[in-house]
Amino acid sequence: MGIVEEAHNVKILGSGEQTVVLAHGFGTDQSVWKHLVPHLVDDYKVVIFDNMGAGTTNPDYFDFERYSTLEGYAYDVIAILEEFQVGSCIYVGHSVSAMIGVIASIARPDLFTKLVTVSASPRYLNDMDYYGGFEQEDLDQLYEAMRSNYKAWCSGFAPLVIGGDMDSVAIQEFSRTLFNMRPDIALSVLQMIFQSDLRHLLPHVSVPCHIIQSMKDLAVPVVVSEYLHQNLGGGSIVEVMSTEGHLPQLSSPDVVIPVLLRHIHHDIAI
């Protein structure tokens, strides 16, 4: 087993001609795709992995300097694709991993057939002519809550992000993977995500992009998906689902899985 494979817990499933890469967002790990994977393995080779810093990875491998920007994660994705000799893939990125895919696709467009983004945002902070959904003051309070009592913060953050019923399995699952992260790593990663601004990179994306999001998402207002659609350099399409929450593939799989499969199977009509 190579160091990339071991560090990221890479798994290759299925045996199709085309490769689908599933990349998870903050506070989760590859298990967030458990409802989708069974529907893909008969038709595709599926690559799943854990982002460095996830609770399932070795915290000793987490390099705070490397992962102080999203580029570090993008180069991890490229390293995984090269390690497993993936010629070109359909990349499905959730939340921050959508933007990681954007960066990776600009660096190596040859490795990506298309991007399918779920709950993606190029910038979370509001700006002069841009609505991201957050003010700096909100984020500073969030960071302080993480610092003071990480477990209590997880218990409050998970229901807000997932939405819906407080007792749902999805909230329990997200709470578990969130709490699995080492608190100092979680804070560093979340600050990096929330303070990043990738709007300037969008025109440089050349691969087609399928933008999928919930109608109601605390972290990503619907206008952000429209912003992505208007500013991405390649062809793009938006689908807003009748779901609630930032992790709809976990909380509303009955709605989301058919939508994801459709966007994975079919290309944008030119």
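Here the Cβ of each residue, glycine as well, is placed from N, Cα and C on the backbone.
Lifted from Swiss-Prot, the feature list:
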type	residues	note
ACT_SITE	Ser95	active site, nucleophile
ACT_SITE	Asp217	active site
ACT_SITE	His246	active site
Under a criterion of Cβ-Cβ distance under 8 Å and sequence separation of at least 6, what residues of the same chain contact His246 (active site)?
Gly25, Ser95, Ser119, Val161, Ile162, Gly163, Ser214, Asp217, Leu218, Ala219, Val220
What's the number of neighbouring CB atoms sitting within 10 A of the CB on Asp217 (active site)?
25
Helix, strand or coil at His246 (active site), per DSSP?
coil
Among all the protein chains here, how many other CB atoms are within 10 A of the CB of the residue listed as 'active site, nucleophile'?
26
